[in-house]
Amino acid sequence: MEINGLTWGLTIALIVGLLAFDYFAHVRKAHTPTIREAAVWSAIYIGAALVFGLVFFAFGDTQHAVEYYTGYILEKALSVDNLFVFLVIMASFKVPRDYQQKVLLFGITFALISRTVFILLGAAIINAWSDVFYIFGIFLLLVAGSQLKGELAGDEAEDEADNIMVRLAKRFLPASENYDGDRLFSMVDGKKVMTPMLLVMVAIGATDILFAFDSIPAIFGVTQEAYIVFSATAFSLMGLRQLYFLIDGLLDRLVYLAYGLSAILGFIGVKLILHALHENNLPFINGGENVPVAEIPTTVSLLVLVGVLALTVVVSLYSPKGKALIALQNAEKFAHRYSKLPADAPAEERRRAEEKMDEWTERAENVDQKWKDELLDHKDTFSSIIRSAHEARLQDASTTDSRGVSRKIVAQDGPDV
């Protein structure tokens, strides 16, 4: 498949069109997407990305097709990891739920612009100096090692997310204390001032630039064709907004995602160094001659990425730690849901809510203490929510406590965490 100016122009027009559609059809009117809406549009954007890759097959360009799909999966995985940080930044600025879509779309748009600049710079550097792959490879290995070290040391995602960008934005960009809808500026005492909405956009935009430093070298380890890098990156960002609302609440259940991403970045780093050795021009390595090493084929890279991600998800959800986290989260969720039932809620709805609350509270109490200590950040809040739900049941004359679960929990002032 010939990649020329027309190919670039049509692709850029398609991406801009998708962003414009996303804004006018979904984001312009502030609302919180339903699970159904988020799921449907996530599927549409993922489907569009997969169909785009079929174009290469249609033109008989199998190599670029495999490179595109590999790059897309890699960038999508890194983007999902970025959602953790977006989540914490928005929590730090207390962004109202209905306005989070606008912040996310801004973050996606800014990420696309900043990464496009990095892609063009990267392509220019590669064309001028192929040995830059040594630097890219070593950098990715360092990033992978740093991420793995932080995870083993128990560093929290919040430590990374509540970073210097957030602190600088709050310190040097004074703004009003309250949001004014989704406006970026507001009038306070007759003066035009920034709102927290603008601050959170600045923080996310600055963080996007930091993300690009490991994202772009990683995908250049898959392909050196700038058009493929751009297309895979752009489509991986499309639908990220919907994905945020679809998997919100599930993200932190991927307890071993950091390990999986470290393995992937390390693998790509090794791949880049092998490629650099194969194309070596440095005089102090093998006398400036190419080093006869085997390179890792793109198809192998694709299989490794898919395999590592699949293993990460399965281990996260079904490991003792993953199961413990699910039990603790569900205990809090169903207790909170029960406590919010209206007084005139149907008896059958109340009964189902009780059963769920009892089931998951019992599971939470049976979780090994080491997982409780590691996973519970706010034990008092967790305990009080569950306790208040059980108190509500004891005060409801229409319910019974035949198993004695509620009386036990209220008596001990919350679950044993």
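Positions of Cβ are set from backbone N, Cα and C atoms, glycine also.
Note on the transmembrane segment (6-26): residues 33, 41, 45, 48, 101, 105, 108-109, 112, 227, 230-231, 234, 238, 241 of its chain, located 6 or more positions outside it, place their CB under 8 angstroms from a CB of the stretch. As annotated by TrEMBL, transmembrane segment applies to 6-26 (among others).
The annotation transmembrane segment is assigned in TrEMBL to 38-59 (among others). Away from its own ends, the transmembrane segment (38-59) comes close to residues 1, 18, 26, 65, 68-69, 72, 231, 235-236, 238-239, 242-243, 245-246 of its chain (Cβ-Cβ under 8 Å, at least six residues beyond either end).
Annotation comment: TrEMBL describes 71-91 (among others) as transmembrane segment. Within the chain carrying the transmembrane segment (71-91), a Cβ under 8 angstroms from the stretch's Cβ atoms is held by residues 49, 53, 100, 103-104, 107, 157-158, 160-162, 166, 200, 203-204, 207, 211, 214-215, 218-219, 222-223, 228-229, 232-233, 235-237, 240, 243-244, 247-248, 251-252, 257-258, 260-261, 264, 268, 302, 305-306, 309, all 6 or more beyond its ends.
Using a Cβ-Cβ cut-off under 8 Å and counting only residues 6 or more beyond its ends in the same chain, the transmembrane segment (103-126) has close neighbours at 15, 19, 22-23, 27, 86, 90, 95, 132-133, 197, 200-201, 204-205, 208-209, 211-213, 215-217, 220, 224, 226, 229-230, 233-234, 237-238, 240-241, 244. According to TrEMBL, the feature transmembrane segment maps to 103-126 (among others).
Under the heading transmembrane segment, TrEMBL lists 132-148 (among others).
The transmembrane segment feature in TrEMBL is assigned to 197-220 (among others).
Under 8 Å from some Cβ of the transmembrane segment (226-247) lie the Cβ atoms of residues 3, 7-8, 11, 15, 18-19, 22, 26-27, 32-33, 35, 37-39, 41-42, 44-46, 48-49, 52, 64, 67-68, 70-72, 74-76, 78-80, 83, 86-87, 100-101, 104-105, 108, 111-112, 115-116, 119-120, 122-123, 215-216, 219-220, all in the same chain and six or more residues away from its ends. As annotated by TrEMBL, transmembrane segment applies to 226-247 (among others).
The transmembrane segment annotation in TrEMBL covers 254-276 (among others). Listed by sequence, the residues of this chain that lie at least six past the ends of the transmembrane segment (254-276) yet keep a Cβ under 8 A from its Cβ atoms are 74, 77-78, 80-81, 130-131, 133-134, 136-141, 143-145, 147-148, 150-151, 214, 217-218, 220-222, 293-296, 301, 304-305, 308-309, 311-313, 315-317, 319, 321-322, 325.
Residues 63, 66-67, 69-70, 73-74, 77, 222-223, 253-257, 259-260, 263-264, 267-268, 270-271, 274, 326 of the same chain, all 6+ positions outside the transmembrane segment (296-318), place their C-beta atoms under 8 angstroms from a C-beta of that stretch. Summarising the annotation, TrEMBL assigns transmembrane segment to 296-318 (among others).
Under the heading region 'Disordered', TrEMBL lists 392-417.
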Given the transmembrane segment (132-148), its same-chain partners at Cβ distance under 8 Å and 6+ residues beyond its ends are 125-126, 213-214, 217-218, 220-221, 258-259, 261-263, 265-266, 268-273, 275-276, 279, 282
